[in-house]
Structures are given as C-alpha cells and as structure tokens.
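*Asks:* One structure, as structure tokens, below. Some questions next.
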Amino acid sequence: MDILKDKIRSEGIVLSEHVLKVDAFLNHQIDPQLMQQVGHAFAMRFRDQGITKIVTIEASGIAPAVMAGLELGVPVIFARKYQSLTLKDNLYISKVFSFTKQTESTIAISAKHLNAHDHVLVIDDFLANGHAAKALIDLIGQAGASIAGLGIVIEKSFQDGRALLESEGYRVESLARVKSLAGGQVEFLD
C-alpha cells in the first residue's frame, strides 16, 4: 500500500533496528483518512471470506479494525488488556507478551460477543514475533470460532511472526512489509 509506505517514510521514526515509531499517524495520533484507506484495503482483501466479526487488541489495533468493520459491515471486538468492573464474567482469557513494552498482559473478550458461528478477521497494527496474533487466535479458538485470516498494517518481516502464523496455516495480509530498519532507514520488502 503505497500511501502507507509513504507515510511511514515521511513520519515514521526508527528508534532501533527493531523498533519503528509511528505515533504520528497510527498508535497515538491517528490519521483518519489513512485509516479509512487501510480499512478499505483490508476489506478488499477479505471481502469474499464471509467474515462475521473483526477481532483486534486494544488500543492501537482499534482504528484500522473499526475502519475495516465499517467497510465490511461487521462488528469489531477488541480484546481488553485488563479486567474492569464491567468485564468480569464469562470471558475468554489469554496472555500476550508485548515486544515494544517488554511486559506480559492478560487479555480478555466477553463470551457473549464471540461464538462458534463466527468467522473472524484478526486485525492489528504491527506483526513482529506473532505473540499478540497468537493470543488473539487463542481467544477466538476458545469461542470455537473460525479464522479467515490476519490483516496487519505494518509487518516487521525481519522478525518471525509471519513464518509462525503461516506455518500454522493462517493467511497473513500485510499492507506494508518492512524488510529492515538498519542504519535508521526503513526498507520495504515490496
């Protein structure tokens, strides 16, 4: 997706050979026009899959997921990273390790929103080592729902997330595939 790659080049900041900061348009400040185009791109790639729900993880996956949900006409569920007074009974629960924050979190989805009749598209802002995706897949599996695939805004192709997911038979569609962040420069795969 050329417009996304251009945005990464112009506004992304390489913090290290493993960390790309995109808080100017994706995971702190959000560019609504770009997210609308991201949502459309995911909808076009998964339109014929019979998707009934989109699942993401709070917080940075919400904007692209909502835009894809709007395009596909389906609800969006975001896994919460902590339990609150309103999210405490009949939950699907999993653990996820955050590469960026270097912490483990418990995530949860209410069982009333996801069931075995659902065919799910997973959307997230980044794919690195696949830990967040695997935690979401675990939650979806607890519900007995099926998975159409994973839509990733930015993939760090130099990490093993894609290989892990594809080896388990999951379809992965990434809008921007980063080959390298070496020397403070973003290099794309395609």
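Cβ atoms here come from the backbone N, Cα and C positions, even for glycine.
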*Asks:* Swiss-Prot records LEU20, ASN27 as xanthine-binding residues. Which of LYS156, LYS179 is assigned to the same site?
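*Replies:* Looking through LYS156, LYS179, the residue Swiss-Prot assigns to the xanthine site is LYS156.
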*Asks:* Counting other Cβ atoms within 10 Å of each Cβ, which of the binding-site residues LEU20, ALA128, ALA132 scores lowest?
*Replies:* LEU20
*Asks:* Which whole-number value in Å describes the distance between the Cα atoms of ALA132 (5-phospho-alpha-D-ribose 1-diphosphate binding site) and LYS156 (xanthine binding site)?
*Replies:* 13
